[in-house]
Amino acid sequence: MKLFSTKFEKRSSSSKEFKEADDVSPKEIQDMSVKVRASRGSSRYVHQNVKVSRKFKISTMDGSLRILLVSCALVSMLVSSSAQTCGSYTFSNNNLYTSCTDLSELGSYIHWTRHTNGTLEIAYRQPDFSSTNWIAWAINLNSTGMVGAQSLVAYVNSSAPYAYTSPVSSYSTTLAPGSLSFSVPKIEAENSNGEMIIYATLELSSSLTTVNQVWQEGPLSGGTPGTHSTTGEHVQSMGTLDLLSGQTSTGGSATSSRVRRRNIHGVLNVVSWGTLMPLGAMIARYMKVFQAADPAWFYLHVACQSSGYIVGVAGWATGIKLGSDSSAVQYDTHRNVGITLFCLGTLQLFALLLRPNKDHKYRLYWNIYHHAIGYCIIILSIFNIFEGFDILDPEEKWKRAYIGILIFLGFFAIMLEAATWYIVIKRKRESSEKYPQNGNGVNGVNGHGARTVV
């Protein structure tokens, strides 16, 4: 009964609600319908926004994941590529080495295995090898650099690779075959796929764990090793090699300092002997023709020549220092001409202090001497500067720049030469018209006395 009554109450309640709904006006029903539709639309909009937001978050996470995966792949490829240059390299003879390193200059590689008794097995690789070149790897037990290096040399001889040992005792070495200060029971070379490799076994002291290494390449000359380049990587291919840790250090800082001093030496001499000296001579030759420039031309001439001499002495001193630091390498012609220039420049300086007066009987001889020494200095300076260019072997633009300076000075000198000759001839003509000769000998004996130029 109770259950029935409950159902009846629910039905009554429901009927009551329907009845109340019947009392609602049509306008209210319309308003309620609009609200219901709006609420449904809003619900759909919110639901759609939630879906879009979720999709956006998912796509953003997918994009970030893709970027992360690509980055990892790139890093992996780079690491793999770096490893392949040295550690993952496979030798054709299946040799295995415990250590290797990429040498910083000339694109070379050194592989080695050090045994406890001091025996060192090495493989020196030079990619991009040309059959017209030679390669060498050396260790220096006494110092850094080339002199004293115990070298392993290889090149292609009669279409076959040839390897041998050569001690380097001076910078003028021809890398002739010879015994080293330690035993080399095995040495051979391999040339394949554009790469030359030197294999060797060195019997070193068991206490030797760090060595000074030098590596080089150069052209063949008449079938034997010729002189390698003395610029760029070729003067920086040296350093130390720790046989235990594999760490290397290059001698680039010391080499860069030496190269910088050589460049300073060249710049000082180009500015002084090669530019200021010719310019001072042009001032003396051409400015004194103009009466308004007297005596200013003389002081300008002295200032220019004195400045050139002071700067030139600095350049000469740096050259002497460079020569003493590398006594094994001597550029005799460049050195001797430089010393001659210094002596002639110093002589000119003292001659200026001993210059006689204009009306002195020795003034003519002094002028001849002064002009001869001056032109000799200019010619020797230009010659020695080009000798220096051949030694330094800088970029071609520096040589062209100095040639441009000489062309400018030469063109300017030709123009001034023509202008001053015109002025001198015109002045003499005007002077002769102002002071005409006559047959009565008024202006000299029989009319042939000296003419005064004003």
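Cβ from N, Cα, C; glycine included.
All annotation found in TrEMBL is predicted automatically rather than curated by experts.
Taken from TrEMBL, the feature heme b binding site covers His265, His301, His334, His370. Of all the Cβ atoms in the protein chains shown, 19 others lie within 10 Å of the Cβ of His334 (heme b binding site).
Among the features that TrEMBL reports, domain 'DOMON' is placed at 106-218.
Positions annotated as domain 'Cytochrome b561' by TrEMBL: 229-425.
Look at TrEMBL and you will find 1-26 tagged as region 'Disordered'.
The transmembrane segment feature in TrEMBL is assigned to 266-284 (among others).
According to TrEMBL, the feature transmembrane segment maps to 296-317 (among others).
Positions annotated as transmembrane segment by TrEMBL: 337-354 (among others). Cβ atoms under 8 Å from those of the transmembrane segment (337-354) belong to residues 269, 273, 302, 305-306, 309, 312-313, 316, 319, 366, 369-370, 373-374, 376-377, 380-381, 383-384, 387 of the same chain, restricted to positions at least 6 beyond its ends.
Tertiary proximity for the transmembrane segment (366-386) is limited to same-chain residues at least six positions away from its ends with a CB under 8 Å from its CB atoms, namely 266, 269-270, 273-274, 277-278, 281, 334, 337-338, 340-341, 344-345, 347-348, 351, 355-356, 399, 402, 406. According to TrEMBL, the feature transmembrane segment maps to 366-386 (among others).
Per TrEMBL, the feature transmembrane segment maps to 401-424 (among others). Counting residues 6+ beyond its ends, the transmembrane segment (401-424) has Cβ neighbours under 8 Å at 270, 274-275, 278-279, 282, 285-286, 289-290, 382, 385, 389 in the same chain.
If you draw a 10 Å sphere around the CB of His301 (heme b binding site), it holds 21 other CB atoms from the protein chains shown.
Mean pLDDT across the domain 'DOMON' (106-218) comes to 91 in this model. Within 10 Å of its Cβ, the residue among the binding-site residues His265, His370 with the fewest other Cβ atoms is His370.
Taken residue by residue, the domain 'DOMON' (106-218) breaks down under DSSP into 0 helix, 66 strand, 47 coil. If one looks beyond the transmembrane segment (296-317) by at least 6 residues along the same chain, the residues whose Cβ comes under 8 Å of a Cβ in the stretch are 265-269, 271-273, 275-277, 279-281, 283-284, 287-288, 290, 338-339, 341-342, 345-346, 348-349, 352.
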